[in-house]
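To start, the structure itself, in structure tokens.
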């Protein structure tokens, strides 16, 4: 079923790309857009994961460079019956994480230094279990290809003003209307597809992630902390590349402009409530978890300690001492 949904979403994005090509260049523009879309789909299948990781300057780690983090992911992957994914760290203050890759055999998970430093080990386990659930559900191929195509569609819409109107239909009113439609429809169309990709998949990944890590409240507590952090700590790379926002466990965009108009993620409170209900049904007490999850905000556990001069954003002087340094 996931493969069918993937094919439908890729087809929808291709039709959107071709439609914009027609608005900008008539039949010729549509055919050029089709060729570009096919090439991008093929390229995205093989390389979109590498592009996203490179975009965020993700650093691959192993058991020697980040022992606790790597072993945690290894144990969770074993719990899920998955091959060991590649493990990455993103030097970014905002707590967040994502998974990518075309299949479980070629998957990667990435967490920010903000996530590893500010969350307890239990909460980190909940987050990484959620990302492995995306891998197991084969959501990662869809998310990475959609991120690539959505970015291209949005860019094409931005270029519409400079490319001019539909020359095949004349440079008059229709050309102007076509250009304006491309400029307006393209970014919103990309956002709508992102919403369709992310919202239902996040609930499924939350449920499966809770099963993988063994405690739904680890993940629910983590979601609350990440959501609060994302509101006050900007992720500049994500702000510059909003087409990748749906890949993260929590929307990394700060809400500037129209970011909150069409959210790429379901409401965090609803996700937390669903996880708490799952915990109650399995007999896990939230009070005991609260005491563990609300451990010191400056975590000095297996991820290392935050230095005294920390506090800037990822472009500033916030530095961490940990196994990835």
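The first residue you see is number 1, and the count goes up from there.
Keep in mind that glycine also has a Cβ here, set from the backbone N, Cα and C atoms.
Annotated Zn(2+)-binding residues in Swiss-Prot are 130, 134, and among 60, 63, 68, 202 the one listed with them is 202. Residue 134 (Zn(2+) binding site): 26 other CB atoms within 10 A of its CB, across all protein chains. According to DSSP, residue 202 (Zn(2+) binding site) is assigned to a helical segment. Residues 99, 131, 133, 139, 201, 204, 205, 206, 209, 249 surround the recorded Zn(2+) site, their Cβ atoms falling within 8 Å of the Cβ centroid of 130, 134, 202, which are themselves excluded. Annotation for residue 131 (active site): spatial neighbours 97, 98, 99, 109, 205, 209, 249, criterion Cβ-Cβ under 8 Å with sequence separation of six or more. Around residue 202 (Zn(2+) binding site), taking its Cβ as the centre, 25 other Cβ atoms fall within 10 Å, counting all chains. In sequence order, 97, 205, 206, 209, 219, 249 constitute the residues six or more apart from residue 130 (Zn(2+) binding site) in its chain with CB-CB distances below 8 Å.
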